[in-house]
Every structure is written in C-alpha cells, then in structure tokens.
Amino acid sequence: MLLLSWSRIATKVVRRPVRFRSYYGLTHIKSLHTQYRLLNRLQENKSGNKNEDNNEDAKLNKEIPTDEEVEAIRKQVEKYIEQTKNNTIPANWKEQKRKIDESIRRLEDAVLKQESNRIQEERKEKEEENGPSKAKSNRTKEQGYFEGNNSRNIPPPPPPPPPKPPLNDPSNPVSKNVNLFQIGLTFFLLSFLLDLLNSLEEQSEITWQDFREKLLAKGYVAKLIVVNKSMVKVMLNDNGKNQADNYGRNFYYFTIGSIDSFEHKLQKAQDELDIDKDFRIPVLYVQEGNWAKAMFQILPTVLMIAGIIWLTRRSAQAAGGSRGGIFGLSRSKAKKFNTETDVKIKFKDVAGCDEAKEEIMEFVSFLKEPSRYEKMGAKIPRGAILSGPPGTGKTLLAKATAGEAGVPFYFVSGSEFVEMFVGVGAARVRDLFKTARENAPSIVFIDEIDAIGKARQKGNFSGANDERENTLNQMLVEMDGFTPADHVVVLAGTNRPDILDKALLRPGRFDRHINIDKPELEGRKAIFAVHLHHLKLAGEIFDLKNRLAALTPGFSGADIANVCNEAALIAARSDEDAVKLNHFEQAIERVIGGVERKSKLLSPEEKKVVAYHEAGHAVCGWYLKYADPLLKVSIIPRGQGALGYAQYLPGDIFLLTEQQLKDRMTMSLGGRVSEELHFPSVTSGASDDFKKVTSMATAMVTELGMSDKIGWVNYQKRDDSDLTKPFSDETGDIIDSEVYRIVQECHDRCTKLLKEKAEDVEKIAQVLLKKEVLTREDMIDLLGKRPFPERNDAFDKYLNDYETEKIRKEEEKNEKRNEPKPSTN
C-alpha cells in the first residue's frame, strides 16, 4: 500500500511536469520534493529485495539502478532543490531537469513492474488456496487502480476527513460553549413541556353532570380510578371509545372533594339509572406521583439557587477574583510597576513641588542605600502621606518614585479594598503586605486612602461601617503591629487628610505628612518649562514660561498641563505652524471661564445691560487701590451662565487686610450698582456676585474677627452637613446685622465711585458694545494709567509692554524664518 501510494505520486509528477512560467514558485519546489521522496522509497524498496533468491526478482533488480546510481540521482535532486530555493539557477537548467525527469521515469517503470509482479504472485497464491472464483472476487481496489494507472492518469482518492474531537475535548471549540447547567435546565424544561403537552392532549376534564348524563347513563364507562383521593379517571369501554364525541380519547377526569361524598353520589346515580348490581361500575383507588408537577414545584427554588451562584461568580470575576471561585477575592489587586512597559516618569518630569520631591527622593535613597542611614542608628521611615488640593501632583510624584526607585513598587487604590463581601478588604490588605515583605525592600502606594482610612465613629450601632473599619484595623496592624513591615515603605495620597483616623496618621505608621499646595510663580515657571518642551512654539520657552506663569495665579499643575494642551489644540484647529502667545491666552480664558458660546445671541437690550454691568466692574477695579489688576473685559458669553466676565490677575498673596477684602467686595458690587444707575430696573445677572460678597462678609464677621460687635470669636461651622449652629439665636441676629452692615457700606461706596466716574463707565460700555472685548492696553487708552502702583510684582515684571512686544517680535522672526523660500526656476 505504501509503495503503491508512492507510485501514484511518482506518476503524477512525471505525467504533469512543472510549469516553469513561475519557476521560482512554491509549486516547483513541492514537485522536486515529491521526486526526492520517490528516490527514498525506491532505495528502501530496492534494499528490501536485495536478499531474495527468486530469479525473476533478481532479473528485475538488474533493471533497477544500483545504489550508487540512486544516490547520484538523489544528490542531483537535492542540488536542484537548493539552487531553486537560493535563486541560483544554472544556465542549463532545462537540460538538467530533463535528465532528472528521465531518471525518475525509469525508476517509476521499474517499480511499477515490481509491484505488478508482486500483485500477480499474491493472486496466484490466493487462487491456489481458495479457488479461482473466490480469488477473483477478492481482487482489491488497489490492484485495479494500479493496473488502470498504466494507461491513464487517474488522481488518487481524497484523504479521509480528520475525526472530529469529542465534545468533552478541551481543544473542541464547541465544548467551550457547553455548560452542563444550561444543558440540564434545557433538558428539564423540554421534558416538562412535552409531558404537559401529552397530558393536555390525553386528558379532558368534565363535570359530574356530564359524567352522569353523557357517559354513565349511556353505558360508556368501563371503570373508575380514584387518583390520590382527589381526581377520578373515567376509563371508557370500547363502545365509548368508538363514539364520535369521544374519538381518540381513552378517558376523562373530574375532581372530587372527598371519597365518601363521591361514593355516595355514585351509588345514588347508579340506583337512579337502574343499573344492576352485577354491572355496577368498578372503582379502583391508586396513588400516583407526577414527577413533572413535583419538579415544577421545586423549579423556582432551583433557579434561585443557580442564580445566586451565577451572580456570585460574576461579581467575583468583576471584582478581580480568580475564575476558581469567590476565594480569589482575598487576593490583593495591587499592580506591580513594570519599569520596562509602564509609563516612564522620572523626578525631572515633576516640577513645582520641590520640597515634596526632596522628601520622596529621600525615601528612595533610604531603600537604595539603607546602610548609609543605619550605620548612624537611623531607622527608615515607615510611610508618608501626600496631601493637597486636586491636581497638585501627588500621584505624579508616586509615578516618578516608581520610575526611579529601583525596588519593587506596588500601587493600589483605596476603593479596591472595599467589597460587598465581608472580610475581603482585610484579606486583601494582608495579601498586599505579605507580597511586599516577600519582595522587600519595596514601596506600596495607596491612592485615595480616605476610602478606607476615615476616622472611626463612636456609638455606631447601625454596623454600616464595620467592614471598612475592619480593613482599617488590618492596615494599622500591618504597618506597625507585632509583625512590622521592615524595609517596606507605604506612600498614600489623599485630598482630605482632615477626615483620616488619628491612629493611621501617628508616627510609626505615616511618619511624614507632605503637603503639596498649588505652585507659586517660580513653581508655575518650572511646570510650564516641562510642558512647553513638548510643544512646537513660535517664541522662546524662557519668555513664554515667565509670561504664562504670571497669567495663571492659583493654577495647579493639572490646570497648567490642560492650558498647554488646549493651546496646542487651538493652534492645530487654526492651521498654524506653531503655538503662539495668543493661543495660550485663549486657552487660559477657556480654562477660567469656559468655552465661548458664540451661538448664544443676546438681544440688543440684554447686550447693553451686560456691557454696562461689566463696565461697572472694570471702573471699580481700575480706581480701587487694593483691587486686583484688570487684564481683560468681555461681553461674550462663556461657560454655563456667564454672559460676560472681567479677568483680574491676583498675585500670590497669603494675607488679606480688611481694606483689601472691602475693595474686592466693592468691585464685585460694581456690576449691580451700574445697572441701578443706568437702567430703570435691575436684572438677575449679579447673583453670583452676591454669593461672593456674602461669603466674604460672613467670613469677616464669624471667622476673621473683623467686626467690633462680635469681636475675636470664631463661629465657623464644623461641617457643611452640620445642622446645628455654634451660636445662639441672639448672636445669630448680631451676625446677620453685621454682615448686612458691611455689605451696605461697600454698596454705598461703590455707588459714590461710579457716580463720580459716570463718564468713564459710559465710555467703556460703548466701546464694549462695538468691540465686545477690551484688553488692558485698551483700558489705558480710555482711562489712562491706574492712579496706584500695581501690587503684583509678576504683573510689572512679565506683563509690561516691553515683554509683550518682545514676544511678538520673536514670533514674527520665527514665522519669517519658517516661510518657504521662493523657487529660483
């Protein structure tokens, strides 16, 4: 059989020579390999017949080439295949292939003769053993195919398809979708439905009257079967079955209340119908179990249990547990930082918080060189809490620590310890610190630790926080208990350090409290330098970072990153070649006031009111000594509700005097007072101004001690959710009167100022109606310079006319440098 298959391959190769139109193609190489396998088979067949004594075999062996000749042909084929693969075809390749084909054809003829003789010999032996008729019928299909193959080229039959893997084979894709529970449930439902359908088809309920009049009176009843003392089956006799109304039915049934009542009624009915006692209807009593009905009764319970198991597994997987069950929930979800694949952030990428960065870098130094400190008797700090407003760089510092620590770094969110299952949070804390100890020295960073570190409450009878408190207790024990985590540093980040538990903040757990505030001027310069480095700028980074840092007081690091990104987007939207100063100014306005709502069209009357409103703010800010410098006035709607805005530039001030607060309140009331002076009725546009004024006046009275009647007492509310007041009703009345007095004084002062500067208000309002936007330069042209020196040093240093003109010229120079040169052709 093996030699026969080889002969078919050889015949196919010889009868169908390779098309050399695609000489270097894969088809040609496959054909050569087929011929090469033919040589191997021929040599094996030849070596197997070497020791035979039969004369015909010996004669045939003489016709077959010797081993040396076969080996020579083999080497020719190997050389030919190698040349084809390496694309080194000789010039006489046609002649070379012709010789190889002739050699293969000669070998094929010899093998065909040998195989034919072998089959004839086997046929003779079978004829001698079984007779000619049986031997003739036992001729194999292979022999007939072999004999017919000498005259025509018949392709071999296709190989049988591979067997399909069983359903329980893991390699079978169907098995992956098979769920035993689904199969069982489907089978049960189908069985129940089939049983129910069969019951409905076979049964038909009737009443007692129908049984008596239509069946019993007409003699169609063969017997009665009382099932489970509640139902009676009326079995029909042959006469009843053959009736047209009962065709295809074997029985009817009706229900009974009790057996005694049924027997009494049956006896009475038979007496009334004069049925002879020898022909009375026999009654049988049986107990039957309806498995489908029983299964249907327990089906809701089974489905409920299965649903609970399914939901448990799904929630376990969604919560990060392993697929093995809910026991995987106890594993920590902390992720180990990979310095090769994760975001690569170094300490040089962190700016604006130099003091905090030094503290964190010292932790890294502790872990890298512990002997340097231990030889002095110092112990490595256990942990540090990073606190501060959002966007100041707490998480960024942790990322930089992971990038430069050189030790295993694990980071996890505080909310990942909170689960719906009891004990999961504490188990995850144990697993986290166990992993950290095994890989010590290491660093663990817990972001938003206030999710599990809130202060424990006294008298908590509801039990709502028991699970969170258990997680916190486990955290306290792991950080500084009987098994301290030596050489494991814990860093944590939070925006609310005031609500954390005192036991968590004590030395020995979090030894250092690092507060990261919003950056000052120098910090903003450094942050802008980091972000501007990645942008294509039209000006110099040094000049831009100074001006932008002065324009963004109170901005956090995240706000500055957003400004740089928005400026790049605006430049790309405008098809500019580089990011310019005006793009950054637009981005700052977008971050402060929101996007311009150009589609929000104001009526002429509303636009006029907004213009006078903003003109009142601008004039008050221009002539009040302690007001912040005015940068821009606009009546273009921005954000959700602002119909206009005045942009001021406060400095990095840490102390506010009473006069400064009153000047700010007076400036905030300038819009409403301007409406009162120029229109017969006021509008609702000053609602936000009133909130600011009331808040400042209340703080002056209740917190800052700037009221003579209240004095030096702090009545600040402990919490916004606290419904009680820290003062009496009489004190509350005094506070209200003092707040009103301060606001009224500011209002009277603002009214007096705007009446004196009525021409300036009119002038600014008219220009605003025409241009919609006024800059500081426009204000100087209209009103002259401010009568007071600016109290913001950064304003004078980086926002003066000289610096502005310097940046503009630098941008123009770069534009000319980047312009395409005219063609000389």
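Placement of Cβ uses the backbone N, Cα and C atoms for every residue, glycine included.
Swiss-Prot names His613, His617 for binding Zn(2+). Of Asp543, Asp559, Asp688, Asp689, the residue it gives for the same site is Asp689.
Among His513, His531, His534, His583, only His531 appears in Swiss-Prot as part of the ATP site alongside Val350, Ala351, Thr392, Gly393, Lys394, Thr395, Leu396. Checking each of the binding-site residues Val350, Thr392, Leu396, His531 against His617 (Zn(2+) binding site) by C-alpha distance, the shortest gap belongs to Thr392. Across the range of the compositional bias 'Basic and acidic residues' (115-131), the DSSP-based residue counts are 16 helix, 0 strand, 1 coil. Geometry remark: Glu614 (active site) versus Thr392 (ATP binding site), CA distance 33 Å. Cα distances from His613 (Zn(2+) binding site) to the binding-site residues Val350, Thr392, Gly393, Lys394, Thr395 are smallest for Thr392. Each of the binding-site residues Lys394, His531 was scored by the number of other CB atoms within 10 A of its CB, and the lowest score belongs to His531. Most buried of the binding-site residues Thr392, Thr395, judged by other Cβ atoms within 10 Å, is Thr392. Within 10 Å of the Cβ of Gly393 (ATP binding site) there are 25 other Cβ atoms, across all protein chains.
In the three-state DSSP scheme, Thr395 (ATP binding site) is classed as helix. Rounded to a whole value, the Cα-Cα separation of Val350 (ATP binding site) and Asp689 (Zn(2+) binding site) is 37 Å. Highlighted in sequence order, Glu614, Gly616, Ala646, Ser668, Leu669, Gly670, Gly671, Arg672, Ser674, Gly685, Ala686 have their Cβ within 8 Å of the centre of the Cβ atoms of His613, His617, Asp689, the residues recorded for Zn(2+), and are not part of that set.
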